[in-house]
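The feature domain 'tRNA methyltransferase TRMD/TRM10-type' is assigned by TrEMBL to 1-232. Here TrEMBL flags Val137, Gly138, Asp139, Tyr140, Val141, Leu142 as S-adenosyl-L-methionine binding site.
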Amino acid sequence: MRVDVISIFPEYFAPLDVSLIGKARERGILDVHLHQLRDWARDVHRTVDDTPYGGGPGMVMKPEPWGEAIDAVLAADPAAQPRIIVPTPSGVPFTQKLAMEYAAEPWLLFTPARYEGIDSRVMAEYGARMRVDEVSVGDYVLAGGEVAVLVMVEAVGRLLPGVLGNAHSAVDDSFAPGAMENLLEGPVYTKPPEWRGHEVPEILLSGHHGKIARWRRDEALRRTARNRLELLAALDPETLDKHDRKLLSELGFPA
Ligand code: JEW
């Protein structure tokens, strides 16, 4: 997969050199191209922002540098078109489902903004020719789109074939459609069996694989009920067995 990023802070993407994503790049699974937006500004000050039409606080990113920068990236392969992804707090939610969709694309172009965002005509211009997604990584306001891009590249990158070992494939992730039907994962433990007086739950040391699976499911249900009531409410009752119903009713959530 090819990933292009146009930003006034290309150095913000140093984390993509490290760890899982860094390895994927070394292996040639992920081909990342970073671009400095200011390289396409025309004036001596390399200006990329201006005051908003209609008034109001802050500055808006000018359309011309974005248009020229995006055109230059598109020219890298005139036969193909990237999926353009614009991080914004007013976009559609970035979910595991969208991460899987992006992981199936050959080419992504991220356009992280600063200030109050990008002049909307840039999205209109490219949206008429190709897919342009305005995407939010969560209901909080960042100072710019760079961190949102890091979030999305990591979530997408780990889904690419060959990035995760077979040992822990992505198919049983909490939010993978079809996985443990949208239950949160329960707690995890490793050695030693006792640490600062805290013991590992005995069942996990028992070797009873059936009982361990049941315990893990109980913990997943408990954690989902405690932390994410809306996920609990969205569970398909058909996927709940007798034991699940009993536990949930004990927790005060009648079927
Ligand atoms: C996010 C990109 C660029 C995404 C998520 N746009 C905008 C904006 C900003 C502050 C106030 C109002 C609008 C800052 N900002 C961004 C914020 C993405 C930019 C500028 C972003 N939260 N925040 N999920």
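A Cβ is built for glycine as well, from the same backbone N, Cα and C atoms used for every other residue.
TrEMBL labels come from automatic prediction, so no person has curated them.
Since we're looking at a predicted model, the values are computed, not measured.
The binding-site residues examined here are Val141, Leu142; by Cβ neighbour count within 10 Å, the least packed of them is Val141.
The Cβ centroid of Val137, Gly138, Asp139, Tyr140, Val141, Leu142 marks the S-adenosyl-L-methionine site; residues of that chain outside this set whose Cβ lies within 8 Å of it are Pro89, Ser136, Ala148, given in sequence order. Neighbour list (Val137 (S-adenosyl-L-methionine binding site), Cβ cut-off 8 Å, at least 6 residues apart, same chain): Pro87, Phe94, Val147, Ala148, Val151, Met152.
In the shown protein chains, 7 other C-beta atoms lie within 10 A of the C-beta of Asp139 (S-adenosyl-L-methionine binding site).
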